[in-house]
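Engineer: Pulled these from Swiss-Prot:
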- 1-22: signal peptide (SIGNAL)
- 51-65: disulfide bond (DISULFID)
- 57: site 'Critical for insecticidal activity' (SITE)
- 58-69: disulfide bond (DISULFID)
- 64-83: disulfide bond (DISULFID)
- 74: site 'Critical for insecticidal activity' (SITE)
- 82: site 'Critical for insecticidal activity' (SITE)
C-alpha cells in the first residue's frame with residue numbers, strides 16, 4: 001500500500017468514526033430545548049435584527065444602523081459604499 005492509498009484509507013476511517021460519534025451526540029441533544037416554552041423559546045431561535053455600524057462597507061442602505069449609505073474613498077483609493 002503506497003502513501004496515497006494509506007492517506008485515503010485514514011480519511012475514510014476518520015469520516016466513518018466522525019459520523020458514528022455525531023449520531024450519538026444528536027440523540028443527546030433531542031430534548032435540550034424542551035424546557036423552554038412559549039415566548040422564551042421564540043427568543044432563543046428568533047434572529048435578532050443586526051445593523052452595520054458607521055464607517056463599515058454596506059451592500060444595501062437598509063442594513064446600516066443610520067439607514068444611510070454613501071460612496072467614500074477607502075484606504076486603497078477606491079470608492080466604496082460605507083454606512084454614515
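Cβ coordinates are placed from backbone N, Cα and C, and glycine is handled just like the others.
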Engineer: Between the Cα atoms of residue 64 (disulfide bond) and residue 74 (site 'Critical for insecticidal activity'), find the distance and write it as a whole number of Å.
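Structural biologist: Rounded to a whole number, the Cα-Cα distance is 17 Å.
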Engineer: Should residue 65 (disulfide bond) be counted as helix, strand, or coil on the basis of DSSP?
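Structural biologist: DSSP assigns residue 65 (disulfide bond) to coil.
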Engineer: Enumerate same-chain residues with a sequence separation of six or more from residue 58 (disulfide bond) and a Cβ-Cβ distance below 8 A; give 'none' if the list is empty.
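Structural biologist: The list for residue 58 (disulfide bond) reads 52, 64, 69, 81, 82, 83, given in order along the sequence.
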Engineer: How big is the Cα-to-Cα gap, in Å, between residue 65 (disulfide bond) and residue 74 (site 'Critical for insecticidal activity')?
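Structural biologist: That comes out at 20 Å between the alpha carbons.
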Engineer: Using the alpha carbons only, what distance in Å do you get between residue 51 (disulfide bond) and residue 57 (site 'Critical for insecticidal activity') once rounded?
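Structural biologist: Each residue's Cα considered, residue 51 (disulfide bond) and residue 57 (site 'Critical for insecticidal activity') end up 11 Å apart.
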Engineer: Can you tell which of 51, 64, 69, 74, 82 has the least company, meaning the fewest other C-beta atoms within 10 angstroms of its C-beta, among these recorded positions?
Structural biologist: 74
Engineer: A 10 Å Cβ contact count, applied to the disulfide-bonded residues 65, 83: which residue has the minimum?
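Structural biologist: Each of the disulfide-bonded residues 65, 83 was scored; lowest Cβ tally within 10 Å is 65.
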Engineer: Can you count the other CB atoms that lie within 10 A of the CB of residue 57 (site 'Critical for insecticidal activity')?
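Structural biologist: Around residue 57 (site 'Critical for insecticidal activity'), other Cβ atoms within 10 Å: 12.
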Engineer: Measuring Cα to Cα, how many angstrom lie between residue 57 (site 'Critical for insecticidal activity') and residue 74 (site 'Critical for insecticidal activity')?
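Structural biologist: Here the two Cα atoms lie 10 Å apart.
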